[in-house]
Amino acid sequence: MQTYLLSQQFSTRSLAENSTACPANATICNGTSCVLPEDNFNETLSVVLSAVLTIMLAMVMFSMGCNVDIKKFWGHIKRPWGIFVGFLCQFGIMPLTAFLLSLAFNVLPIQAVVVLIMGCCPGGTASNVIAYWVDGDMDLSISMTTCSTLLAMGMMPLCLFIYTKMWTDSNAIVLPYDSIGISLVALVIPVSFGIYVNHRWPSKAKVILKVGSILGAILIVLIAVVGGILYKGSWIISPKLWIIGTIFPAAGYSLGFFLARVAGLSWHRCRTVSLETGMQNTQLCSTIVQLSFTPEQLELMFTFPLLYSIFQLLFALLILGGYRLYRRHRIKTKTDVEKTEEKEDSKSMSSHAKINGGFVPNETK
């Protein structure tokens with residue numbers, strides 16, 4: 001049937017009171033769902049943009065790899081304390097936070113499940129770009145993203161089994177292992193080429209990195225805009241999900257930073273772990289949701305991954321802006337202190353020269 005389900009949530013009362021609630025071109029209006037003719041434009045746009053975004057993502061990850069030192073990267077693999085802390089954040093803090101938020105806001109079972117799916121997803125590649133801009137540990141960032149994506153093969157089924165039992169059968173959730181594998185390959189291959197370029201041609205790698213960091217920032221914004229265009233018909237969702245979509249990424253960033261600091265990691269690694277924790281692979285969450293639920297169920301939850309991705313980006317930009325302001329203030333303060341110390345040293349040398357009848361060097365005059 002050449003139709004698709006438009007996600008709208010109308011109460012029974014509102015439908016009874018307003019018979020014109022469905023669009024004029026709806027072919028069927030039954031219950032809470034309106035069926036419209038299929039919009040081929042969105043389908044074509046989705047295919048084209050997916051191809052463009054995939055190519056851009058590969059280029060960005062290649063450039064991020066150009067900032068990775070193979071010795072330091074291998075050091076994180078051999079002494080994986082930072083990776084272990086990230087693992088606890090990714091598959092410990094995030095699923096538990098999702099579970100507690102679902103209980104606290106008493107959402108519908110199907111909505112609780114999508115929140116939990118988001119919490120159980122591995123870290124997203126956007127975290128690598130933001131980590132670069134906040135002077136994070138790029139070696140740790142990329143190793144954490146790679147390891148979390150690889151470990152998701154086993155940890156996602158385990159976490160979903162533990163936390164979704166009170167709402168649904170975990171066997172009803174379809175995990176797209178092929179999508180996880182593709183994400184892993186799309187991450188590892190470009191980064192590996194980038195590491196090789198940085199090892200062989202360090203000067204060229206720096207140029208590639210600068211271009212890629214700018215391209216990465218554009219890509220993050222573009223993904224958010226594209227999501228808004230493609231899913232413009234799915235924005236009418238429960239206010240509770242809006243609140244959870246706002247709190248959840250903020251909690252991930254905060255708790256990730258706190259745990260990393262408690263674990264004794266340096267400040268730049270704390271920033272890295274924080275970003276890796278709060279930034280989830282929302283594309284993977286959307287894929288799981290679409291594979292696992294009926295159209296009637298999707299209208300209650302489908303927009304949540306997009307909602308989360310928007311707020312995780314907004315909070316990441318706030319973190320970036322705050323760090324840049326702090327860095328600028330710190331550098332300015334440090335410069336003022338150095339100038340004050342130089343003036344005091346100059347005055348001290350001048351007075352010492354006068355007392356002892358000596359001379360004052362030209363550089364202190």
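Every residue gets a Cβ built from N, Cα and C, even glycine.
Any TrEMBL annotation is an automated prediction that lacks curation.
Straight from TrEMBL, the features:
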type	residues	note
COMPBIAS	336-347	compositional bias 'Basic and acidic residues'
REGION	336-365	region 'Disordered'
TRANSMEM	45-63	transmembrane segment
TRANSMEM	83-105	transmembrane segment
TRANSMEM	112-134	transmembrane segment
TRANSMEM	140-163	transmembrane segment
TRANSMEM	175-196	transmembrane segment
TRANSMEM	208-229	transmembrane segment
TRANSMEM	241-260	transmembrane segment
TRANSMEM	306-326	transmembrane segment
Tertiary contacts of the transmembrane segment (140-163), as residues 6+ beyond its ends and Cβ separation under 8 Å: 64-65, 68, 73, 76-77, 80, 82-83, 86-87, 90-91, 95-96, 98-99, 116-117, 119-125, 127-128, 131-132, 170, 173, 175, 177, 180, 183-184, 187-188, 191, 269, 272-273, 275-276, 281
Cβ contacts under 8 Å made by the transmembrane segment (175-196) with residues that lie 6+ beyond its boundaries: 54, 57-59, 61-68, 70, 73, 122, 125, 142, 145-146, 149-150, 152-153, 156-157, 160, 205, 208, 281, 283-284, 287-288, 291
